[in-house]
Structure formats: C-alpha cells, structure tokens
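K.L.:
So Swiss-Prot says this about it:
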SIGNAL    1-27  signal peptide
DISULFID  29-40  disulfide bond
DOMAIN    36-147  domain 'C-type lectin'
DISULFID  57-146  disulfide bond
DISULFID  123-138  disulfide bond
C-alpha cells in the first residue's frame, strides 16, 4: 500500500512538472497571437497608413507596437507568420523617419543649417518576396504586424 502511494505521488509530481513547463511556452500570448523568444506577434490583413497601424498596435496590448526585428531568425519567424495570414505582400514594421531626424550633411562637408523639407515622412515596410526593407511615404496603406513583449 505504501509503494502504491509513493508511485502515485511520484507520477503526480512528474505530471505537474510537465504541465507547468508546457504552460509557460505559448500561454504567455493571448489567443490568436504567436510566441517567439518572449514576444507575441500578430499579423493584420487590413491596410492602414504607418501612424494608424502603430496606433492600432498600441491599442491591442500594453507595450504593443509595430514589429521590430533584432535578428534574422526573428525576421524569418515573422515572415512565415505573415505569409500564413496574407501571403507574399508588403507590411509595415516599426521603423520610420517620422520626425525627419536623419543626420544629413552636404557633400562638401558643411553642416546642414538651412532646411526646406517637404512634409512627407518616410516609414519602412518589409517586402516578403525578397525579405528586404524599403521605405515609402508613411501615408500609404499597407498590412502590418504588431508585437509586444510577453
């Protein structure tokens, strides 16, 4: 009788350990979001300009933003995820020059003191057919991927 109790306790403990270890993998992300390296991702198959897409992402979850890439592996994961949602397409990522703060310099080495820029800002999208970043006017519509830290 004592052996049976010990086996039951041992098996129960083993199952508890397995359950707890599995529950921390994808459970950190809400339903319909995908987990990778402690972050949650979700592609959205609707066209928005960059600012509206970023605003939408911030409303989806605390700490949410348009996706940012920090490794090839992360980009590959997001591209596969986006492909499942909207196939080969372009989608906004969280990189932009909205504030026009690039460090410009004249070709003769002189600092830029006079400016007369058009009001157009440029934001970055990801082109899934060649896995490259490109810029376009932020006002243009594109699909997008949101991300937040789990």
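Cβ coordinates are placed from backbone N, Cα and C, and glycine is handled just like the others.
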K.L.:
Roughly how many Å separate the Cα of residue 138 (disulfide bond) from that of residue 57 (disulfide bond), to the nearest whole number?
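P.N.:
Each residue's Cα considered, residue 138 (disulfide bond) and residue 57 (disulfide bond) end up 16 Å apart.
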K.L.:
Would you mind reading off the Cα separation of residue 29 (disulfide bond) from residue 146 (disulfide bond), to the nearest angstrom?
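P.N.:
One finds 12 Å between the Cα atoms of these residues.
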K.L.:
Round to a whole number and give the Cα-to-Cα distance in Å for the pair residue 57 (disulfide bond) and residue 40 (disulfide bond).
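P.N.:
Computed Cα spacing between residue 57 (disulfide bond) and residue 40 (disulfide bond) is 12 Å.
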K.L.:
What does the structure give for the C-alpha distance between residue 146 (disulfide bond) and residue 123 (disulfide bond)? Integer Å is fine.
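P.N.:
Checking the Cα atoms of residue 146 (disulfide bond) and residue 123 (disulfide bond) gives a distance of 15 Å.
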K.L.:
Work out how many Å separate residue 123 (disulfide bond) and residue 40 (disulfide bond) at their Cα atoms, rounded off.
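P.N.:
Cα-Cα, rounded: 22 Å.
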K.L.:
What kind of secondary structure is residue 138 (disulfide bond) part of, going by DSSP in three states?
P.N.:
coil
K.L.:
Between 29, 57, 146, which of the disulfide-bonded residues has its C-beta surrounded by the fewest other C-beta atoms within 10 Å?
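P.N.:
Least crowded of the disulfide-bonded residues 29, 57, 146, by Cβ count within 10 Å, is 29.
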K.L.:
For the domain 'C-type lectin' (36-147), how many residues does DSSP put in helix, in strand and in coil?
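P.N.:
Counts, helix then strand then coil: 26 helix, 40 strand, 46 coil.
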